[in-house]
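So the structure is just underneath, and the comments pick up after that.
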Amino acid sequence: SQWFAGTDDYIYLSLVGSAGCSEKHLLDKPFYNDFERGAVDSYDVTVDEELGEIQLVKIEKRKYWLHDDWYLKYITLKTPHGDYIEFPCYRWLTGDGEVVLRDGRAKLARDDQIHILKQHRRKELETRQKQYRWMEWNPGFPLSIDAKCHKDLPRDIQFDSEKGVDFVLNYSKAMENLFINRFMHMFQSSWNDFADFEKIFVKISNTISERVMNHWQEDLMFGYQFLNGCNPVLIQRCTELPKKLPVTTEMVECSLERQLSLEQEVQQGNIFVVDFELLDGIDANKTDPCTLQFLAAPICLLYKNLANKIVPIAIQLNQIPGDENPIFLPSDAKYDWLLAKIWVRSSDFHVHQTITHLLRTHLVSEVFGIAMYRQLPAVHPIFKLLVAHVRFTIAINTKAREQLICECGLFDKANATGGGGHVQMVQRAMKDLTYASLCFPEAIKARGMESKEDIPYYFYRDDGLLVWEAVRTFTAEVVDIYYESDQVVAEDPELQDFVKDVYVYGMRGCKASGRASNPAPRQSAGRLGFGGAHARPWLSPQYDWCSWIPNAPPTMRAPPPTAKGVVTIEQIVDSLPDRGRSCWHLGAVWALSQFQENELFLGMYPEEHFIEKPVKEAMARFRKNLEAIVSVIAERNKNKKLPYYYLSPDRIPNSVAI
């Protein structure tokens, strides 16, 4: 099904057995168009000499007229004894290329005792390590693939059609499809009022985004988004009031419903905090001299009311308390409180886009993918397990570096963290990035958000734990087939080189990352197997929650207020993004919320890298578990005004490729 997968070039086959090698045979049938896209062709190969047990199949491609790339899925060999041997390939042959294949049984390095198989294993990795080289794109970033643009990538990891992932084209098409392209060049042109934003909203509304538009000013909607919106990973239970937020019981007593002091509410676990300290001191976008853009680093205190709903009770817009950095409260004037919440929503958008989405999803997954190609041969069971979960990840990241987050890229057009601020954010976040924070249950527990009784409406947590456990169970079943003990793990040199490549090179030897001394393969498998699930809550909801511009402003055109009682509706509208930036933002969140063409979802493995029956049985159980989770989520969402479906397995891509 790959585009341009067929070839008119000459294809030769050679067999390598335990007793000898055959001559190469031209695979050609008279009066027949061989090797067309989607075709399954059969050929009789006669070998005079005794080859013994077939160990390798060598395929060579030689130019017929013009070089014509060929995508080969697999070869099935029928021996004279009637046995069938599967040789998975799933690779491109380019130029006058060749590929040497082993049969589909997964093997650890210790399993290969024959010299020719050891040599094949070593040569494959030597070749890959020349193709998949590390590169520092920016100081302090995780290392990435050494490729300046998409066409520089190895053919096997390129998109089928580069046009389909052209960010400039996709954003422009999105704005055209949304009927907003007439506004896309209207920079510096403010909207008249909140209702004016409907001019770019009304034609593309859906159930959730419409509800956001109608209820975005309400405290309940504001609090709900920290649990189930675009970025449900920042809220944490407050165990001690931050000293930099000098809020008192008297200030918030009108919001407290249990007749307790603020300190007592903290002790009972009813107070939560979201701190945007990461944004403190980040440079705002200065790429447009005609528009000043601003950032803040708010601290938001939230309260679990008697209905177990989360609502905001205090907001300070910068980190250092003082007379010009007041604490805004629900009891303040309507527009004072509204503008404070808008600043928090804008800050949340920046952290979501740059840290949760770019760093923790895309860049980290790329590190695992590159290390996998560099250190694990195709016959290794962990390669077979992970390869589906890095499909197109390196390619989409390369396109992003080429067009989106590069200097003068699309990210600069609408975002206050463009122009270099996003780079500073990643560099700062890398210092605190840990492996444990990438593991779903540990991350939830670290924020004190694990109790379903105390926090019953945290659907992101509930669904994520279900999916994580299904992935963990599946990967553990597969890994246990090949690793019977921890000692086998520790003595697998390829696996240890893989983890070393991730930690020492890809993650820059970050001390905070918490590398285990003898890392278990199921840890890495679980992390990447969950990669698509990890991405889904950051991508799919973007249009739902961010298309109503006042709910997620990508930039603010006036500084945070330094006093109470002076904010007007006109000031708020003039602070929000202008018409041009609003349109580019809307095009971005629309494009980033769409699935890829021919998307593969969690549990789908059309490429059969494994041929062993126990693994296929584990895959079948995995799919059955995922189907059960889909049913649980669908049942819960019945009749909900705000359904949460982002972690339903039938909506989770197998890999990070959006």
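One is the number of the first residue shown, and numbering goes on along the chain from there.
From the backbone N, Cα and C atoms, a Cβ is placed for every residue, glycine too.
Automatic, uncurated: that is what TrEMBL annotation is.
Pulled from TrEMBL, these are the features on record:
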type	residues	note
DOMAIN	1-107	domain 'PLAT'
BINDING	G6, D28, D68, D69	Ca(2+) binding site
SITE	W92	site 'Essential for stabilizing binding to COTL1'
DOMAIN	107-658	domain 'Lipoxygenase'
BINDING	H357, H362, H534, I658	Fe cation binding site
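In terms of Cα distance, the binding-site residues that sit within 10 Å of W92 (site 'Essential for stabilizing binding to COTL1') are D69, chosen from D28, D69, H357, H362.
A C-beta separation below 8 Å, combined with a sequence spacing of at least six in one chain, links D69 (Ca(2+) binding site) to F4, T7, W92, L93, T94, R155. A gap of 36 Å separates the Cα atoms of H357 (Fe cation binding site) and G6 (Ca(2+) binding site). For the domain 'PLAT' (1-107), DSSP puts the residue distribution at 0 helix, 45 strand, 62 coil. Candidate binding-site residues: D28, D68. Fewest other C-beta atoms within 10 angstroms, D28. Rounded to a whole number, the distance between the Cα atoms of H362 (Fe cation binding site) and D28 (Ca(2+) binding site) is 43 Å.
Calculated from their C-alpha atoms, the gap between I658 (Fe cation binding site) and G6 (Ca(2+) binding site) amounts to 27 Å. When pLDDT values are averaged over the domain 'Lipoxygenase' (107-658), the model yields 89.
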